[in-house]
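Annotated features in TrEMBL:
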- A:6-22: transmembrane segment (TRANSMEM)
- A:34-51: transmembrane segment (TRANSMEM)
- A:57-78: transmembrane segment (TRANSMEM)
- A:99-120: transmembrane segment (TRANSMEM)
- A:169-188: transmembrane segment (TRANSMEM)
- A:218-239: transmembrane segment (TRANSMEM)
- A:251-281: transmembrane segment (TRANSMEM)
- A:301-320: transmembrane segment (TRANSMEM)
Amino acid sequence: MKKRNIILTISCIALLALFIWYADGSFDSYQKRILNLCAIYVILGLSMNLINGFTGLFSLGHAGFMAVGAYTTALLTMTPESKAATFFLEPIAAPLANITMPFFMALLLGGLLSAFVAFLIGAPTLRLKGDYLAIATLGFSEIIRIIFTNTQNITNGPLGLKSIPNFTNLWWSFGTMIFTLVVMIALINSSYGKAFKAIREDEIAAESMGINLFQHKVMSFVIGAFFAGIGGGLLGNLLGAINPMMFRFILTFNVLLIIVLGGMGSVTGTVISAFVVTSGLEYLRVLDESINLGFIKFEGIAGLRMVVFSTLLMIVVIFFRNGLMGTKEFGWDKFFNFFNRRPFSKKGVGQ
Amino acid sequence: MTLLKTDHITMRFGGLTAVKEFNLEINKGEIVALIGPNGAGKTTAFNMITGVYRPTEGQIFFNNQEITGLKSHDITKRGMARTFQNIRLFKELSVLDNVFIANHLHLKANLLQAVGGKMYPDFLDKLWQPKYKREEKEILEKSYMLLEKVGLLDQKDEKATSLPYGLQRKLEIARALATNPQLLLLDEPAAGMNPKETNDLTGFIRQIREDFDLTIFLIEHHMQVVMDISDRIYVLDYGITIAEGNPYEIQNNQRVVEAYLGVSEDA
Amino acid sequence: MTFDLFMQYLTNGISLGSLYALIAIGYTMVYGILRLINFAHGEIFTMSLYFAFYGVTVFSMPWYISFAVAILMTAALGMLVERAAYKPLRESPRITIMVSAIGASFFIQNLAIVLFGGRPKAFPNVRLLTGVMQIGAVSLQRLTLIIPVVTIILLYTLLFLVHKTKTGMAMRAVSKDHETARLMGVDVNRTITITFGIGSILAAIGGIMWGAKFPQIHPVMGVMPGLKCFIAAVVGGIGNITGAVIGGFILGVGEIMLIAFLPNLTGYRDAFAFVLLIVILLIKPTGIMGEKISEKV
């Protein structure tokens, strides 16, 4: 990276830190919750975009990876007492009952376990293409959910986990978000990331240029799952309670919505879209709830929020096929070129 | 020295035999052409040799090692690269990236080193430079050199599909060269080129053979190019090898003439 | 396990399998013609139940009229979905169309929640269908026999339609190649619309019989059957109508037998389909009756 760009990037991060410091002290818990969710959805969006947008694999298994991360992190951070209280139907399996570790370790293990699961799933399914891959990954994600519903002494079955310590705060979520962003940008600009894009563009040509398709697909899938697991872990410890029903296909759909709206194959697009969609979905909750203005009362209609959002998705897909950013990115160099270019110079508009 | 040898390779698709018992021998440094009417099985033969299809029967040897049934990325790694009849560039990527990616197979840095190297700031390079960054610099220099060779350096940042057809063919050749091949397979390099580009092509192919110490195997319909450039020619018709020899022999071969023009009643 | 009990399970499995088969046909036909997983098919199925429900309860129509109207309305809905969500994207990459399909599915699902409320409703009871009859020691709902019979009749009607009529010929032509079919004078868009219509009619017939058998309807009820029936279509060989029916039967019987023989795995009932899917994709990705399609290089 160039010196100027590094300085600019670091100043931006510093500004963000200043903002978080301010927000942490002055925002109410509802606003903080939304900000946390936005950052977590950036992580989730980036991880899915790596698999779907940059490598061109149509994977619909994100909810499954998130579930693995969320459950692992939650189980590793809950205190033995709260575990005993939560598992009242059937006691928790022995080794898990007394383990409690720092949030960072738990989060990392959640990501690693999710990556491992992705490796196991990827070995058979990544030989499939297109729609078949989509439906197989969706199938695996559902299988994970069904297993979690039925393993009473590990996951507490359909009741889920409660009193998960609320470790996720703005520092954790935004810190992880920045980390994910930096790693993703480095990855997609590296030779490996270019190989991923080559696979997206043309598998046969990529293989003929010596790229081991299967190995690189597994790589992308596993890295994506790692960050999805971490995102899931942050989410679980933000909400304080998780259950298998949270990890249905609709969760994958939410993340898919973000990357499609932002642009498949654009990091910048994902970040913007994660903030817009997540806060939008939260603020639109008013559609589902009743509003009482004193003199007049609007009845909320459950489900209207998702109707609005699916309509939005359809409109974007049909009329703005490439989403907000397409595969374009924001970069400091581009930013400066935009201001430096002169209208009549040879290299200017349209280059 | 024999570089590529096929021993009775056959490709059947269901009941259809696309190529039957094809025997080929290419020596180091040669330019060999494969010709034949449309649907004769030329591209199928290419696809078997480069590992896109696995031959139904027969064996393929490259550098005296058997490569039958290997995946195409593995075959490329062993020193064989190709272009495609219907141009398969990485369409949405830049001209430079197209060539850059073809270097990936020789990359020594692993995933973590690559990601780490990308995050490492430039101004600390003087103290210590990560392995990946050194490699990336070499790859970039090599890519620029290749693009210069094919005359595409000025368009390096353009999208691959924005190039005119003839230049897209040249970019495909540059991309194939980036894999460091010993043997280069060209599938109809003159297709879609205008007469001037076609004229230049012969010189260009000879030039890259000299510069990169290549052996070349090509499919081509443009007879002038084929006769001009080839040391030897193989002729396929309905999957069967009907002739083999130098350009003079092929031009005067009765079966070849019949295959192209059809047999007249009183001949 | 006694023979009678086994027969009871088997007939139940066959009738569930028949329902899966009817829905799976819709998936397989659409996939055959557009190479698209019609994610909204499960929701079309759900809507057919609501149409039938409102026909009987709110508009107090006799059940047979209400069911007929529901079938027609479902067909119209299926064609509308195609027009709105898929037709504008005919030339787009597959991934875009699939996102649109998923979007359409969620749209209908949530529209159903908005319009009909999230609480389950009781599907009207039709004595003619739900009455119990006795065969030897086995007592069965009439439906258990009616469902497979209806399915087989519909399968043969459909096979006749596809292989012996002009419309069927058009469908087969479009499924091979849109452009060539158009040049041969086939109205491609009309053929696709008809395919969606037929698929939706079958989903509606399946839906109504489903409602009679499991008389509780709610807006997201179509999700699981939808996924499972797509799996049935893949297992049978996607694009192949007979394959879809075979896949449906395998899935239905397999699921019931799993519960019958391994009762402690009952919680994994819904996982059965997905495991079957993955096994099939690994052994024979083209399914039982499918043909191999390879990419031209």
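Glycine too: its Cβ is placed from the backbone N, Cα and C atoms.
Same-chain residues lying 6+ beyond the ends of the transmembrane segment (A:301-320) with a Cβ under 8 Å from its Cβ atoms: 257, 260-261, 277, 280-281, 284-285, 287-288.
Annotation: stretch A:57-78 has the most Cβ pairs under 8 Å to the transmembrane segment (A:99-120), among A:57-78, A:169-188, A:251-281. Stretch with the largest number of CB pairs closer than 8 A to the transmembrane segment (A:218-239), among A:34-51, A:57-78, A:169-188, A:251-281: A:57-78. Residues 13, 16, 20, 23-24, 32, 35-36, 39-40, 42-43, 46-47, 50, 54, 103, 107, 194, 196-197, 223, 227, 230, 234, 238, 267, 271 of the same chain lie 6 or more positions beyond the ends of the transmembrane segment (A:169-188) yet place their CB under 8 Å from a CB of it.
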